[in-house]
Amino acid sequence: MQAKKRYFILLSAGSCLALLFYFGGVQFRASRSHSRREEHSGRNGLHQPSPDHFWPRFADALHPFFPWDQLENEDSGVHVSPRQKRDANSSVYKGKKCRMESCFDFALCKKNGFKVYVYPQQKGEKIAESYQNILAAIEGSRFYTSDPSQACLFVLSLDTLDRDQLSPQYVHNLRSKVQSLHLWNNGRNHLIFNLYSGTWPDYTEDVGFDIGQAMLAKASISTENFRPNFDVSIPLFSKDHPRTGGERGFLKFNTIPPLRKYMLVFKGKRYLTGIGSDTRNALYHVHNGEDVLLLTTCKHGKDWQKHKDSRCDRDNTEYEKYDYREMLHNATFCLVPRGRRLGSFRFLEALQAACVPVMLSNGWELPFSEVINWNQAAVIGDERLLLQIPSTIRSIHQDKILALRQQTQFLWEAYFSSVEKIVLTTLEIIQDRIFKHISRNSLIWNKHPGGLFVLPQYSSYLGDFPYYYANLGLKPPSKFTAVIHAVTPLVSQSQPVLKLLVAAAKSQYCAQIIVLWNCDKPLPAKHRWPATAVPVIVIEGESKVMSSRFLPYDNIITDAVLSLDEDTVLSTTEVDFAFTVWQSFPERIVGYPARSHFWDNSKERWGYTSKWTNDYSMVLTGAAIYHKYYHYLYTHYLPASLKNMVDQLANCEDILMNFLVSAVTKLPPIKVTQKKQYKETMMGQTSRASRWADPDHFAQRQSCMNTFASWFGYMPLIHSQMRLDPVLFKDQVSILRKKYRDIERL
């Protein structure tokens, strides 16, 4: 028994010694190898590897949390080839591994929200018109601040758009100029806009200076160099791209079937040599001269004749036969191949023309790909499968083509029709990254009216907006809040405001009534107000200005708002009918008093008219129903300059609201019934409400029209000839068969 114990102890000791020798030898060899590498690197002056690189394997899980610069310098691993090391060191962006979590300071945005600071322009620095438009769009936005201490994001005033060294717009010595900025901080929380980078012959994406930890809003950026959740891919746009507004899409009506004269078209340069030449040189294989027109020309550049091939003369001749605009507007699909760079002007041209883009640019990070689902608006092709493009697009069902075409128009008008929209979309994407808890989802970005008009600060629930009831399977609100704007003192029980209050309160759809007291006289006593079945809340305006009627009051508990002037004359039946109509069109303004706009050729300006014509483009908010979200948009989206103008004139607030809603919906308001007179004509002439009789009042409204159109960059108002009346309205049938029979007597 004792012998067995001795043998067991001896065997255990031997095993321990063997294990100790084995692990000790491995560690000794590793340390010797490590010391030799250190000695070798020391002799060659190489960077000493960090001790963190020799942590045990279980530390690999901590890799995502390493500092970005430490990860960036990890080029001394034993498994990295010399070629990989050279490629890493020659990367166009030294901060290639930057992400919002590692290269952005969120603390700057917590205190003052998302504010953007633009550096003051330096004397003697040339700035291209396109970059001036970008800076103007930022400075005119609600994000702009002139105080750098309040800023969350910084934008250079130095022109970084064109970094092609052969371009006359190229800014020299940009590296030293940027480094001298006292707020640069290695680019942290900075945004750099760029359209062109690199030059002949390779057109790399190097912008020519160290961007540090700055974000890039860049055109023609490749997926290889694009830093997800950090950079923003923007479209390539020309110097003639409008600063604000922009033309609407060219799709005026939907044709069924949605096929045009040409199936697939392209007209552009053919590069005979160099980068981007492979695809365009092969387009002639697909061109059939009938419904597939892919036209190229060799006539560009100074030395094109030196490189011309046997096809150039034939291509040049056929190229001149067709008008590009005619092709563009009569084609179902438009080919968008890469050029010298990945992006192309053809991309935006196809979107505007409702020609479905067929992308043929491998490795291009499509514009705003972080939020836009391009599969709903474009066909993503592969340069290597060029010959399969015709058969692929011919196999697309007509229903799908119609949906693609409609989506091109939405995306064009929502995000691409002006420099301002491109810039604001870029800023909104960055803001969503910072405040992820209230960021917009894919449905908002890819469905009308788009991410620029749906402000997540209002609500994180889509059902609180008037645009998504059908998507969510929700019914429109069943109740409304009446908001009566009172500006005259209450001196008689027969005043129109009291009659209006009683009529609105009797509506079966009325939840409450809010009286906004903007009168200079003190509030009347409670017993002066009539008794009603619904609550009546009187709010005394602090500033007593016109814009206060559109403030997003917390007292408004319903989504629907019935906006009323104090001298409006409406019956309960008229209120009920207008509300039932609004339930079918919750995103629009629905009401009674209609007005119109027109273009005055003699004065070359917009005009305003209250004449009774066969069409209208505005429904005044003195007797109208709309969604309360427009109160929030009016207050937080529109610039202070327009609201200050309205307050100073005590006029035009209803016109501005119509501009806003039409700009959002791209639709006209809706007039109900043929009622024309909606004002009480017996109001005292000493009251503020008699401003309608003031001769200057009409002239002011003419001026407002042009000021508003100037800010929007275009005329958003849309004419309509539709009027909605009750079923059987004035038909020769029994009055008992009519639901809104009282309307016929009014």
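Glycine residues also receive a Cβ, built from the backbone N, Cα and C atoms like all the rest.
Binding of UDP is attributed by Swiss-Prot to LYS267, LYS269, TYR271, TYR319, TYR324, ARG346, GLU349, and the same site annotation extends, among ARG243, ARG248, ARG280, ARG384, to ARG280. According to Swiss-Prot, CYS109 forms a disulfide bond with CYS152, chosen from CYS16, CYS152, CYS298. If you measure from the Cα atom of CYS355 (disulfide bond) to that of ASN330 (N-linked glycosylation site), you get 8 Å. The UDP site in the record is lined by LYS267, LYS269, TYR271, ARG280, TYR319, TYR324, ARG346, GLU349, and its two most distant CA atoms lie 21 Å apart. For the disulfide-bonded residues listed here (CYS312, CYS652, CYS704), the lowest count of other CB atoms within 10 A around the CB belongs to CYS312. Under the three-state DSSP scheme, ASN330 (N-linked glycosylation site) falls in the coil class. The least crowded of the binding-site residues LYS267, LYS269, ARG280, HIS300, ARG346, judged by other CB atoms within 10 A of its own CB, is HIS300. If you draw a 10 Å sphere around the CB of CYS334 (disulfide bond), it holds 26 other CB atoms from the protein chains shown.
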